[in-house]
Amino acid sequence: MAVYRYPCPLSSEITPRHLFFSRRALLGAAAGGVLAAGLNPAGALADGEAAAAARGWPAAETPTPKNDVTHYNNFYEFGMEKSDPAELSGSFHSRPWQVQVDGLVEHPQTWDLDALTARFGHEDRLYRMRCVEAWSMVIPWQGFELGALLRAAGVKADARYVAFTSVVRPSEMPGQRSGLFSLHWPYVEGLRLDEALHPLTLLATGVYGDPLPAQNGAPIRLVVPWKYGFKGIKSITRITVTDKQPPTSWNQMAPEEYGFYANVNPDVDHPRWSQSSEQIIGEGSLFRAARRPTRMFNGYAEQVASLYKGMDLRKEF
Ligand SMILES: Nc1nc2c(c(=O)[nH]1)N[C@H]1C(S)=C(S)[C@@H](COP(=O)(O)O)O[C@H]1N2
Ligand SMILES: [Mo]
């Protein structure tokens, strides 16, 4: 069932590929022995960034090469391989584009993408990005704070959450036509209102100084840098403010593996693999992957830990 595009996978792909198939294995498609291979010597890596530096491990803030950012993607609407989103998105049209903002807001409105950027502008944000599959990048985004849009919409007093919806366009998105694997479409995500209003939470419209390419979620996607990458829903068509915790795609598929919060946490392992360290995409060699310890809240604890005070992060993972 598994289609290996490369007879010998690039080393930068080995770990994610194992994890990738193990993620798919939920559906009974593949898996088996790959997990037994073991992902990392976890115990040796739990000693933080300082120890990493002492070992000569790479810094946490070096931008990932653009080619990796735009050719190593998760965007299942285009397919399951990391290379599919770049290769199979040629017929996707991200212009014109509209985003509906509705729900518990004073001013529901359907925005043209150009009106959004005219109103809210875009600034540069260099963010670490950590996929739940235990690989990481550092990505130079352009965008604006989701909070700015929500404030313009006028959030009502009874609002508690924000729900997001991705585009459904099977004629342009081969992964939405394939019956092999499936998340249910549309891809949906959600944040608690205070998370959505946090100044780190970005609606990205560009990467590396260019408008987002299709594979990165054109023309507008969410970036929540202290959470696992799957919270960063791509190609958003609708943002709904609500009083109920919204359903989220990966949580619906496997609730015991992917929580609603999905905060990056080295101490809460995925049921089938360790989260204590991460592979750095774009570094290392063919023979030796580059790894570093996972950081609590992906290194943004100082900014966001207070949002979760009093919560049991093992239960609300
Ligand atoms: N609509 C949609 N959004 C999505 C996904 C997806 O499959 N569909 N994959 C998520 C996952 S698992 C990750 S890690 C990030 C990857 O973003 P990038 O390819 O721009 O690095 O997008 C997230 N957003
Ligand atoms: Mo991910």
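Glycine residues also receive a Cβ, built from the backbone N, Cα and C atoms like all the rest.
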Do you know which of Ser91, Ser94, Ser166 TrEMBL groups with Asn73, Tyr76, Glu77, Cys131, Asn216, Arg221, Gly232, Ile233, Lys234 in the Mo-molybdopterin site? Ser166
Neighbourhood of Glu77 (Mo-molybdopterin binding site) by C-beta distance under 8 A, where only residues 6 or more apart in the same chain count: Ser166, Val167, Met173, Gly175, Gln176, Trp185, Tyr187, Lys234, Ser235
